[in-house]
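Colleague: Mind having a look at this structure? Questions to follow.
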């Protein structure tokens, strides 16, 4: 895991397996089925990295030989909240890692001015819960900012929110940092820039279309 000095709340997950799978996802000739499988796999690997600092306590358990105080996650409950629609493809990988997590959904689409328009919010109970927001792309950053806004408006502490994406553009990361400097943003790659259509370059195309086999 590494950081970029420009963005204090950005964490780049540079594990070799993550980078290997991301390269195959970028390939325009990768099939929908393979893209979907890779997204699930890479999200599981990223989930392992982002949860390494969860608080730990101990629980008394009895093994076949003795009783011991064994480590368990302390108190906090976990929720996975994909940003629709492409974020849905990331939730399965996280659920493979954390099968007991609750799942919410935040639905937004990008208007002509690239601003997010909310059409759905469904969340589990908020008390004492850590939220993992996920969306494959942070392009303009507006949808990511909006998703965090949804939680903060419901009094979820910033310390209980993290955002996970595959690729991000510096422009979007700056927007996210300006709005939510207290929320950690985890990505597999910080790419070069946004083009005139607000697509990430080099990016991986439209993640939703590639995930579901649709055309924009």
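Even glycines carry a Cβ here, placed using N, Cα and C.
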Colleague: Which candidate from 4, 14, 206 does Swiss-Prot annotate alongside 85, 110, 135, 136, 137, 138, 139, 140, 141, 142, 143 at the 5-phospho-alpha-D-ribose 1-diphosphate binding site?
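Modeller: Only hit among 4, 14, 206 in Swiss-Prot's 5-phospho-alpha-D-ribose 1-diphosphate site, alongside 85, 110, 135, 136, 137, 138, 139, 140, 141, 142, 143: 206.
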Colleague: Which ones in the same chain are close to residue 139 (5-phospho-alpha-D-ribose 1-diphosphate binding site), with CB under 8 Å and 6+ residues apart in sequence?
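Modeller: Residues satisfying the criterion: 168, 169, 171, 172, 194, 198, 199, 200.
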Colleague: Check residue 205 (uracil binding site) against DSSP and tell me helix, strand or coil, would you?
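Modeller: In three-state terms, residue 205 (uracil binding site) counts as coil.
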Colleague: Which one of these binding-site residues, 135, 206, has the sparsest Cβ neighbourhood, judged by other Cβ atoms within 10 angstroms?
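Modeller: 206, out of the binding-site residues 135, 206, has the fewest neighbouring Cβ atoms within 10 Å.
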Colleague: Residue 207 (uracil binding site): which of the binding-site residues 85, 135, 141, 143 have a C-alpha within 10 angstroms of it?
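Modeller: Near residue 207 (uracil binding site) by Cα: 85, 135.
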